[in-house]
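Visitor: Let me give you the structure first, and then I'll get to my questions.
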């Protein structure tokens, strides 16, 4: 046990990140992550713009897509810009308040995205399996309530997990072996017994990760069962492809998040944590627009119209 009477209270944390890498490796990582971040921001920003401005994209599916992209923008902006700065400068310190705020935003937005993905799967289930009642079941008011519910539970959940992470004093080593303040790693630096906090986070992860994932699996299983039960149609292959694509994103996001928050810390290490953290903090937000939107003909048409209006505006201003 550490004698807290002789230890100094931690007022800031040091994000180790990739500081042990060589300068050339850090330069390569900076260029790579900057390109990925820029691409993710551009794609998600375009989706937000067209789903919120194009009247032809007024269905619930596009309403949810716009909010998913907004969540992705918030999620990657919470962690990646800071990581890029730390790849350039040698000072990797983060104040106690900044670490707490970052962790709250990661929790809040991440949980909201988990819930929203489940609602999106349910929306597809109603659209495909109950098309005659789709307009009534997924009305505009219902969609707004579902998105509000995702945000509400995400932000409330962030308060709980932040409290469990920072409820004890910190007087041990303040080095966080990751590129952002991740709860299980920070809890391990607490002076008190971390087991209670880790158990609460584990139980919370079961609820906020496995419950939405179960709804997603059930929704797509019923979609597939409905398609297989019908006579052959030209849309069967498209539906299979869409389901497989959506489930791929879900698997990437959920498995990486579950590894971070539902595994014992003894099985973790910097070499294991960072790849999974990168997967759900930047790779998934970048893939979401490709999987959910860019393969859709209506989305492609809206993008062409938006880019055409932009080109026309520039031409008229010259």
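Cβ coordinates are placed from backbone N, Cα and C, and glycine is handled just like the others.
It should be emphasised that the depicted structure is a prediction, and the values quoted were computed from it without experimental measurement.
Just lifted these from TrEMBL, have a look:
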- 27-50: transmembrane segment (TRANSMEM)
- 43-292: domain 'G-protein coupled receptors family 1 profile' (DOMAIN)
- 62-84: transmembrane segment (TRANSMEM)
- 104-122: transmembrane segment (TRANSMEM)
- 142-160: transmembrane segment (TRANSMEM)
- 200-223: transmembrane segment (TRANSMEM)
- 244-263: transmembrane segment (TRANSMEM)
- 275-294: transmembrane segment (TRANSMEM)
Visitor: In this predicted model, what is the average pLDDT of the domain 'G-protein coupled receptors family 1 profile' (43-292)?
Guide: 83
Visitor: Hey, does the transmembrane segment (275-294) touch the transmembrane segment (27-50), meaning at least 3 C-beta pairs closer than 8 angstroms, sequence gap 6 or more?
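Guide: When sequence-distant Cβ pairs are counted, the transmembrane segment (275-294) touches the transmembrane segment (27-50), since at least 3 lie under 8 Å.
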Visitor: For the transmembrane segment (200-223), give me same-chain residues lying six or more residues beyond its boundaries with a C-beta closer than 8 angstroms to one of its C-beta atoms, as numbers and ranges.
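Guide: Same-chain residues near the transmembrane segment (200-223) but 6 or more away: 111, 114-115, 117-118, 121-122, 124-125, 128-129, 153, 157, 160-161, 164-165, 183-184, 187, 239, 243, 246-247, 250, 254, 257-258, 261-262.
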